[in-house]
Structure formats: structure tokens, C-alpha cells
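Engineer: There's a structure below that I have some questions on.
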Amino acid sequence: MKKQRNLRSMAAQAVEQVVEQGQSLSNILPPLQQKVSDKDKALLQELCFGVLRTLSQLDWLINKLMARPMTGKQRTVHYLIMVGLYQLLYTRIPPHAALAETVEGAIAIKRPQLKGLINGVLRQFQRRQEELLAEFNTRDARYLHPSWLLKRLQKAYPEQWQSIAEANNQRPPMWLRINRTHHSRDSWLALLDEAGMKGFPHADYPDAVRLETPAPVHALPGFEDGWVTVQDASAQGCMTWLAPQNGEHILDLCAAPGGKTTHILEVAPEAQVVAVDIDEQRLSRIYDNLKRLGMKATVKQGDGRYPSQWCGEQQFDRILLDAPCSATGVIRRHPDIKWLRRDRDIPELAQLQSEILDAIWPHLKSGGTLVYATCSVLPEENSLQIKAFLQRTADAELCETGTPEQPGKQNQPGAEEGDGFFYAKLIKK
């Protein structure tokens, strides 16, 4: 039996590591969840994700409720109060229980002398909640985005920025990809129905199913046997444009964790696929996915800017470049992105994308297809990136996705309930 731990203090420390140390929640959270019971894992995740989703609001409230900020060794208390406020605002946890557990969290972080302070701040919020929220809702902070990102969204999408920001703050649906080599989508949906769950097919992507209610993967029919994979609908859209064929040599560049590698092999089981990623640690995820689905691909560690180091002079029939990006299209899945990214990251990422595009293009056969994809909504990484590439690359031609003036296809988060995603299909003349 696992030792009873204070979830509020664990969540506070996790959020502090994200905000103060720039660590990714996807690295921090899983080890913490191993320390708690199964029933507490979901609550711990909800507290971490929820606080990061609403961080700017919680920060603003604390500044209103406290005369001076908590600093130094007491900084964790700041995040513990955030966890308390989040529970009072956004969860069904009874207020008395939320207060009691949050106050007890002070003992777990070795600040028992501050229990009274934490209790006082949270009770003051309860008294002033209506007044404070009315004031907060007149400010830009109500969109729950850092100001630099809000400005970029407003500039890029004068008519849509509010709906994009709102979509980023929602809980994402759970999308699945049905392995067409095992089942048709309809036959798998029948199995799902027999298991007491309901799913809905995507109108455009033939393998995509949205669960009515998110479920643990072990509850999905045939998950361990490779019948189904968790993958957002927009990510599945890459195959629409790549259209892999049996017998072709196909490169999946920046491939980890391998979702698109395995999708290529589901669509074209006899393709020769090379999956490359710069992060050696993440290559294990590609191997895990290939093993679960019973597939084979050549997996290599390599930098997309220097392809000759890992493929020599080899050329490919098709290349999928899922470029490193700001991930501003998947904020609803990874709310820490809002606080890990900085405005200065965008031109740096655009430069990296440009270098990879230029380096990999010679490795595409004449007549071949390259699909450039990102999970970003920012034009600098997407349409402007491809427009510049087309202008400097004489043998590159845009195909089916947009126009030379406005190249590519941009999915916005929430549109068709998929993530924010960009695709551009390029043909080598």
C-alpha cells in the first residue's frame, strides 16, 4: 500500500519546477504519479494541469490578496496557495476540504509556521471572490496567456484570436487512431460499444475516433495488441497529405515518439521507413510503439540539419518533416507550454526549421513529396516559413495545400476538435 501523501504540496512543487526552473510537466509528473494511489493520480494531474492552465489568473489573485509576494525558500508557498485557489474556483472539491488539505500541505513542504497565512489568504478570497473576479474579468489576463503570445495571436488572427485563446484553455478530447491493418474503423467502434464506451468518427480523417469520455488506454479494446493508438486527429491528418505507398522509401524526420512512423506503416505496411530524431532518449518511445504494433522500421539518432551524417547520399520517395516548433497549437494538452516558451524562441525556432528544410530537400527524389508539419499556430513557423522556402528553392512546388501567397493548411485548436496544426505538401519538380 502506497504511503498517503499530500497531493496539494506535490502539485505546488511540480508547478514551481515548471515556472521557476523551466522544466517540462511531462517529465515531472509521471514520477510523482508513481508515488500515489491510482485514485489520486487523476487528481494530482488535474491540480498540476489546472494551475498551469489558469496561472496568470491565480498569480493576479495572489497579488491582490497578499501585501507582498513570497520569495526565496518560501516561494513554494506561493504555488501552494495557487493550488488552493484553483480548487476553490474550478473543482467540485468541497471548500472546507480544499482549505484543510492545502493548509496541511504546509507541513509537507516544511513550512508549518505558515499554515495560518495560507488559511487566511484562502478565506479572504472566499469573502472577496465576487469582487475580485469582476475586476479580473476586465483585464487581458483573463485570456490566461502570457502577453507576448496574446499579442502574436492578435496580430496573426485579428478575427480569431479570442476563440484560439479560449480553445487553448479547454480540456482536450481524447482522439484515437484505429489500426486499419487489424480492423476497419466501424468494426472497432462496435468493439468499443461492447466495452460500454462510445466513440465518434472524424469526418475527414479515416482512422480517427473521438472518445465521448477519455478512458485509460488499458480499457481500450486491443490496445496492447496494437489495434488502436492514442493520437490527436490533426496529427493523423499528416497521412492525408503524405499518402505513403507500399514499396517506397520514406523518411520520418523528427519522428519521436513514433506516432506518425507507425501511422505510415499502417497505411503502407510494405514501405521502407527510416525514423530519425535528435533526442536519443526519446528514440526508446519509437521502439516501444513499433513493438506494441508489431512493426519494423529503421530508427536512427540524428540532427535534421546534417542528414549526410546519418543517411549519406540516400534519397527518399517521401519525407515527413514534423518540424521542431513552439507547440502553440497543443497548449490545451500541455498548458506548461504557455509558461515555458518565450517570445525570443519564435525567431530561433523559425531559423532552425529553415535550416532543416534546406538540408533535407536534396535527399528527396525528383517527383517526390515532402510534407512539412508543425503543431504551431504562428505564421512565422508555418505559412511564412513555407513561402520563404518556395521563393528560394527553384525545384519546390506547393501541392494541394493553400496558394503560393498563403501556402499551407492551418488547423486551429478546437476546429473539428483537433489540435492546432499546420501542413504544407511540397513536390520536387
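Here the Cβ of each residue, glycine as well, is placed from N, Cα and C on the backbone.
OK, Swiss-Prot features for this one:
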BINDING   C254, A255, A256, P257, G258, G259, K260, D277, D303, D322  S-adenosyl-L-methionine binding site
ACT_SITE  C375  active site, nucleophile
Engineer: Considering each pair of residues in C254, A255, A256, P257, G258, G259, K260, D277, D303, D322, all listed as binding S-adenosyl-L-methionine, report the largest CA to CA distance in Å, no decimals.
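Structural biologist: Output for S-adenosyl-L-methionine binders C254, A255, A256, P257, G258, G259, K260, D277, D303, D322: max Cα distance 19 Å.
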Engineer: Can you grab the distance from C254 (S-adenosyl-L-methionine binding site) over to C375 (active site, nucleophile)? Cα atoms, rounded to a whole Å.
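Structural biologist: If we compare the Cα positions of C254 (S-adenosyl-L-methionine binding site) and C375 (active site, nucleophile), the gap is 13 Å.
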Engineer: List, in sequence order, the same-chain residues at least six positions removed whose CB sits under 8 Å from that of G258 (S-adenosyl-L-methionine binding site)?
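Structural biologist: Spatial neighbours, sequence-distant, of G258 (S-adenosyl-L-methionine binding site): A275, R285, I286, Y287, D288, N289, L290.
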Engineer: To the nearest Å, how far is the Cα of A256 (S-adenosyl-L-methionine binding site) from the Cα of C375 (active site, nucleophile)?
Structural biologist: 14
Engineer: Where does K260 (S-adenosyl-L-methionine binding site) sit in the DSSP three-state scheme?
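Structural biologist: Helix, per DSSP.
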